[in-house]
Amino acid sequence: MAKTSTNNRRFKLKPQHITWLKVLIHAISLLFVAILIIQTFNGGFGADPVKGIEHYTGKAALNTLFLTLLISPIARWGKQAALIKVRRVLGLYSFFWALLHLTIYVSLDLGFDWALIGEEIIQRPYLAIGAISWVILLLLTLTSTQKIQRNLGSHWQQLHNWVYVALLLSPIHYLWSVKSGITEPVIYLIVACALLYWRKDKLKRWLFKLGSNRDQKTSMPS
């Protein structure tokens, strides 16, 4: 009886709680945008403001991606299935910061010189890694609506599992891009690995399915 009574009293998130959580996410995100603007115009990014802005937006994208992938463990641990509903908002903000990060690099660092952009990606592998991660986030953002999820069916989850690749590549991109002070990017990489380890069984199933699909395609008669 005591156990049943405890279960009945367990707090459950209601739709209004989820709404307020989303409002809080928007408010905090806008606050960080405001900080970015203020820091930019007040010289808060030091002697190399472009690099400072790139690091700010890049870390914001990483932090938001980590928060996005923390939602499932927290929801499962706290038995709060409704919490999953805030995951898409966080994911969209992660891409927003990643898009801003790329835009700053392409516009202020390279001056929209597309030939130079291609050369940079070839000559600097960490840029290629970052580009792959960015493309993955772009695809996940474009397919994040419920309508597309219904249209893709089971393929939707297979596509969105690629977020784990972006999760691993993003801190590697950060670590490889810095010339000194690697402590922070190493911490990011450790956190990413911890999030992946928590999902090790799901990752094994996904990788096995990818391998099976590839084998089926290669064995098909031409």
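The backbone N, Cα and C atoms fix where each Cβ goes, and this holds for glycine too.
Pulled from TrEMBL, these are the features on record:
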- 58-169: domain 'Ferric oxidoreductase' (DOMAIN)
- 20-40: transmembrane segment (TRANSMEM)
- 60-77: transmembrane segment (TRANSMEM)
- 89-106: transmembrane segment (TRANSMEM)
- 126-143: transmembrane segment (TRANSMEM)
- 159-176: transmembrane segment (TRANSMEM)
- 182-198: transmembrane segment (TRANSMEM)
The transmembrane segment (159-176) and the transmembrane segment (20-40) contact flag, 3+ Cβ pairs under 8 angstroms: no
Interface present between the transmembrane segment (60-77) and the transmembrane segment (182-198) (three or more C-beta pairs under 8 A): yes
PLDDT averaged over the residues of the domain 'Ferric oxidoreductase' (58-169): 95
Per-state residue totals over the domain 'Ferric oxidoreductase' (58-169) - DSSP helix, strand, coil: 98 helix, 0 strand, 14 coil
